[in-house]
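A.B. asks: In case it's useful when we look at the structure, here is the feature table from TrEMBL:
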type	residues	note
BINDING	34, 83, 117, 177, 279, 280, 281	GTP binding site
BINDING	41, 45, 48	[4Fe-4S] cluster 1 binding site
BINDING	47, 87, 141, 211	S-adenosyl-L-methionine binding site
BINDING	274, 277, 291	[4Fe-4S] cluster 2 binding site
DOMAIN	25-251	domain 'Radical SAM core'
Ligand code: SAM
Ligand code: SF4
């Protein structure tokens, strides 16, 4: 990298080893890649991280050039949608140079969508540039509209900054989806106000069940709120109609007649969504996880660093896709007090 700009390496792929599309053993085509560009974050959300986190040494993390090369290899193998996440993607130094560079795949038509999942803390600074790079939709995580509660849930966050960021994003022309993790006794009383607020502001809302990923300071059983319960409660006050709307992710959508908006439900615990899974995830160290809820992974950093060409990398990707599992086995109850997988969501990327 030179002065924060990405200098693209020349990759060599000859006709004999042209990248093959990614089809898993269950016939599912992999067309959606989520990349965690950093494990670091400026928040410490209670369900996501312990307060005292140990982050990876910088040398283990892929450079922006390596991330670009890795994403490009996946795009050449059929990925049409790319989401950058983390940790907090917008706190990674010079992240906009990566986003700008990846925007070339939107222009070429190889990629349909480039998106970001963010906590919103840096949006005021970056919203305009994101739009300029071709990003059209972003997911912003926001679990409460109450400043004190926001501080309690995120530990280090400032709701005012996120609100300023959301305004900046809307003014920049970005379509916004709010992601709210439903937490028992913490924000369950705020689901209705949040729904009304989001739809008034023109944002979609997606509710997410907590997933047992990584050790945290508290007990997840205390936080877990099944969305089947939430939906039943909402249905007493609102007319919810299932719709086939899809964004490429795992959410199922309903329209809310009274607000005129859309509500998504991500229910890994109460309704397993694995059968239509089209996704894989790469960590900031280049580990490819074929399933968010399983430990099996493939190291892509070694083949990436081993040569300038992509043959070794493509081979490693093919082998990994060839063992993408059917699904996850998440359980949250009092008898299962170990997380399903030991890594945090901030490692694999939400
Ligand atoms: N920092 C960014 C953010 O918060 O949007 C991106 C990374 S964050 C890990 C992505 C999403 O995962 C967020 O919406 C967050 O609420 C969600 N998340 C984190 N840990 C989770 C868990 N254990 N269960 C369910 N969702 C979780
Ligand atoms: Fe950071 Fe996002 Fe995890 Fe919160 S959910 S600690 S903002 S990575």
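Every residue, even glycine, has its Cβ placed from backbone N, Cα and C.
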A.B. asks: For residue 87 (S-adenosyl-L-methionine binding site), what is the secondary structure state per DSSP, taken as helix, strand or coil?
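C.D. replies: Assignment for residue 87 (S-adenosyl-L-methionine binding site) reads coil.
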A.B. asks: Using a 10 Å cut-off between Cα atoms, which of these binding-site residues sit near residue 87 (S-adenosyl-L-methionine binding site): 41, 277, 280, 281?
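C.D. replies: If one measures from the Cα of residue 87 (S-adenosyl-L-methionine binding site), the binding-site residues that come within 10 Å are 41.
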A.B. asks: Helix, strand or coil for residue 274 ([4Fe-4S] cluster 2 binding site)? Use DSSP.
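C.D. replies: DSSP assigns residue 274 ([4Fe-4S] cluster 2 binding site) to helix.
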A.B. asks: If we check Cα distances from residue 274 ([4Fe-4S] cluster 2 binding site), which of the binding-site residues 45, 48, 83, 177, 281 wins as closest?
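C.D. replies: Smallest Cα separation from residue 274 ([4Fe-4S] cluster 2 binding site) among 45, 48, 83, 177, 281: 281.
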A.B. asks: For residue 280 (GTP binding site) and residue 291 ([4Fe-4S] cluster 2 binding site), what Cα-Cα distance in Å is obtained after rounding to a whole number?
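C.D. replies: Cα-Cα distance, residue 280 (GTP binding site) to residue 291 ([4Fe-4S] cluster 2 binding site): 6 Å.
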A.B. asks: Round to the nearest Å and give the CA-to-CA distance linking residue 141 (S-adenosyl-L-methionine binding site) with residue 117 (GTP binding site).
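C.D. replies: Between the Cα atoms of residue 141 (S-adenosyl-L-methionine binding site) and residue 117 (GTP binding site), the distance comes to 7 Å.
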A.B. asks: Just name the most isolated of the binding-site residues 83, 177, going by other Cβ atoms within 10 Å of its Cβ.
C.D. replies: 177
A.B. asks: What binding-site residues in 34, 41, 87, 117, 177, 279 place CB under 6 Å from ligand 2?
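C.D. replies: Only 41, 87 meet the Cβ criterion.
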A.B. asks: May I ask which of the binding-site residues 117, 177, 211, 277, 281 is closest to residue 48 ([4Fe-4S] cluster 1 binding site) if we compare their C-alpha atoms?
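C.D. replies: The smallest Cα gap between residue 48 ([4Fe-4S] cluster 1 binding site) and any of the binding-site residues is with 211.
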A.B. asks: Considering only the binding-site residues 34, 47, 279, 280, 291, which possess a Cβ situated under 6 angstroms from at least one atom of ligand 1?
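C.D. replies: Correct list: 47.
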A.B. asks: Specify the secondary structure state of residue 281 (GTP binding site) as given by DSSP, simplified to three classes.
C.D. replies: strand
A.B. asks: Compute the C-alpha separation of residue 45 ([4Fe-4S] cluster 1 binding site) from residue 117 (GTP binding site), stating it in Å without decimals.
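C.D. replies: Cα-Cα distance, residue 45 ([4Fe-4S] cluster 1 binding site) to residue 117 (GTP binding site): 15 Å.
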A.B. asks: Give the distance between the Cα atoms of residue 277 ([4Fe-4S] cluster 2 binding site) and residue 211 (S-adenosyl-L-methionine binding site), rounded to the nearest whole Å.
C.D. replies: 17
A.B. asks: For the domain 'Radical SAM core' (25-251), report the average pLDDT of the model, please.
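C.D. replies: Across the domain 'Radical SAM core' (25-251), the average pLDDT comes out at 94.
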A.B. asks: Since the record lists 117, 141 as binding-site residues, which of them has the fewest other Cβ atoms within 10 Å of its Cβ?
C.D. replies: 117
